[in-house]
Amino acid sequence: MATSSEEVLLIVKKVRQKKQDGALYLMAERIAWAPEGKDRFTISHMYADIKCQKISPEGKAKIQLQLVLHAGDTTNFHFSNESTAVKERDAVKDLLQQLLPKFKRKANKELEEKNRMLQEDPVLFQLYKDLVVSQVISAEEFWANRLNVNATDSSTSSHKQDVGISAAFLADVRPQTDGCNGLRYNLTSDIIESIFRTYPAVKMKYAETVPHNMTEKEFWTRFFQSHYFHRDRLNTGSKDLFAECAKIDEKGLKTMVSLGVKNPMLDLTSLEDKPLDEGYSISSVPSTSNSKSIKENSNAAIIKRFNHHSAMVLAAGLRKQQAQNGQNGEPSSVDGNSGDTDCFQPAVKRAKLQESIEYEDLGNNNSVKTIALNLKKSDRYYHGPTPIQSLQYATSQDIINSFQSIRQEMEAYTPKLTQVLSSSAASSTITALSPGGALMQGGTQQAVNQMVPNDIQSELKHLYVAVGELLRHFWSCFPVNTPFLEEKVVKMKSNLERFQVTKLCPFQEKIRRQYLSTNLVSHIEEMLQTAYNKLHTWQSRRLMKKT
């Protein structure tokens, strides 16, 4: 069943799964089902593993809810309580609509790149577990420099162009009859994102009203019923939620019209009809064919709507570029139309003129082609080249002569064992070479790999790699000449202290319990103390400068 730390958000009883009665539990991070009379879950799905949910159409005999997983599997739940089946199913559906977006998988390129790096490099994976999983440093700090190094790879560094918004994305919203003289719209997350990017006023209204004043279903129902969606209606209801959005769009359209399109290669004002007078000259009197007001023109509303829709679709891409590149502190307007006015600034104007009069094929290409160094497996470069030692090679004849000489000496050899070593000298030598003898004072350091178990050696290696990574971040902050480095060096000091408490001290206690020498970690402690002394010296000099 649910653990004591899990928060149960909703419990629905009389829910069947494969013709077996049970109860459905919605918790903070997963949905689970337990058979009736059992104290354990037989079905449990994390919200991050759920792709979408589906419900049975209205009028069906069975009130069901289906969960579709990312792996392609499905799970069906049948709400068997006749009196409250629809109400309970809708309650589960509405709660899942709020929970699933929070746990939506982020299957982007950056995450795939991180997974690939961890799978290909076991040392990096172990370092990730020692530092990030144990919460010594954050994941952002761990990946700060590593992703930048891999960005130089030609396969991953190419900037992928984002998919724009289709001009007919609303045409994909095909209403279906629900059998009760009503319409049902099926909205996907892509369509909702396109609506928000095209109409920032709707996104602002969504943030204001959902879920504070109404549910998401009510919001989109009122959106498709509103005058804002049906622009060809003549009158706007007084209680229309989107009346303000239409006014904001009208204001933005007037601003765009007043600014015009400042394209030096195209003059749109010259396309206006200019009738000739009787004397074959341009008449200054306005034509009677265009004397009708906009309100009298039945096509003006739909033309204005098309123009505004096209402008907003184009502006959505510009707003995304400014959000990625622009951190210049310029305020943006509420209606989101501020990006539309910057399309043809002088820099863009010069670029368009240069594009029209220059040809790349005729220009001189003076750029030097360089090849970026890409180390696929860095552990292959940890060891330097082995120096070549001068060796004297013997020929086959030299080897034969040496063998014959040794053979002749061995034939005439007579052993004299009593004159080799006396018994007292042999006894004193054995005593000096025994553990605790005069010649065995430094023997522990030479045989540490034989005295320490393999698991302790492996853990000690992991500690060295982890502390080396932390110290690399620490020493890279010097010289501390920016506010960012000042903040980072103080933060890295706290990370080193956290590593010492959570990793180094438990390891010392472990080897102490096994009656091993605590000198195993003396070098790590020395490196940490050197870093602390460096930070203390920098802080002292900083205080002296301030005083």
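Numbers run from 1 along the shown chain.
Cβ atoms here come from the backbone N, Cα and C positions, even for glycine.
The annotation domain 'BSD 1' is assigned in Swiss-Prot to 99-154.
The domain 'BSD 2' annotation in Swiss-Prot covers 179-231 and rests on sequence analysis.
Look at Swiss-Prot and you will find K239 tagged as N6-acetyllysine.
For 319-342, the entry in Swiss-Prot reads region 'Disordered'.
According to Swiss-Prot, the feature compositional bias 'Polar residues' maps to 321-340.
What Swiss-Prot lists as phosphoserine is S338 (among others).
According to DSSP, S356 (phosphoserine) is assigned to a helical segment. Sequence-distant neighbours of S356 (phosphoserine): residues of the same chain at least 6 apart with a C-beta under 8 Å from its C-beta are M265. Residues annotated as phosphoserine in Swiss-Prot, with similarity to another entry given as evidence: S356 (among others).
Note on the domain 'BSD 2' (179-231): mean pLDDT across this stretch is 74.
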